[in-house]
Amino acid sequence: MGMRVLRSLEVLKLGVVNYLDALKLQEKLVLDRKSHRIWDTLLSLQHPPTYTVGKRQTVHNLLIPQSELEQIGAELHYTQRGGDITFHGPHQAILYPIISLRDMGIGARSYVEKMELTMIEMAAQYGVKACPGQAGETGVWLGERKIGAIGVRISNGITSHGLAFNIDPDLTYFRHIIPCGIADKEVTSLRRETHSIFPPEEIIQEQLISCFARIFDYDNLIWKEDASVVIDGTE
């Protein structure tokens, strides 16, 4: 039997990043990954309050006039990812994988399932039993309550966008949208669902990264603590 090649994943811990800056960075990294200039890369970050709409442009699922977004301190951005409208904000752990599915030998469906499993494993560490949604409901659920969202883009086998896991975001922001286009379900968070004593949020984000690395069979994590240079370099 031949030896399995060890797989490495570069992890960029970016802190709080404006949505458009993160989008620009992803676009740059996707090109770099396509041309083999970088390893598989994972962005770990949070956003200021932001609503994003997928490529189907279902902005009708925003329930307040766009002119009122400024009053609640939120932005709205259109993206090329799959999925419906969603919210990103502080105290939500976001992972954007820029990885080659071809190198991994998996397709889009398997990729999304592994993303779901990443968040299910994460929730289980705090005694919260989550599961994938019903047919047509991506993301991770606790019965009728959604704790994690997924919206991905795949271009020439390279992924971008990703997952958002609710640690303890301000859930009132979700009242202004029909989250993921599903009207009769609500959104929840790890904080709301567990009585566990939480470690610092940075630790929870690292736990989510570890779940991702395990599910996707990475042997070696290369941590990049200060990635501000990377963002500045995309200006």
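Positions of Cβ are set from backbone N, Cα and C atoms, glycine also.
Features reported for this protein in TrEMBL:
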- 36-220: domain 'BPL/LPL catalytic' (DOMAIN)
- R81, G82, G83, D84, I85, T86, F87, H88, A149, I150, G151, G162, L163, A164: substrate binding site (BINDING)
- K146: site 'Lowers pKa of active site Cys' (SITE)
- C180: active site, acyl-thioester intermediate (ACT_SITE)
- Task: Determine the Cβ neighbour count for G151 (substrate binding site): the number of other Cβ atoms within 10 Å of its Cβ.
- Result: 24
- Residue with minimal Cβ packing [other Cβ atoms within 10 Å] among the recorded positions R81, K146: R81
- Within the chain of L163 (substrate binding site), which residues six or more apart in sequence place their C-beta under 8 angstroms from its C-beta? I94, L95, M115, T118, M119, G148, A149, I150
- Query: How many other Cβ atoms are found within 10 Å of the Cβ atom of I85 (substrate binding site), counting all protein chains shown?
  - Reply: 24
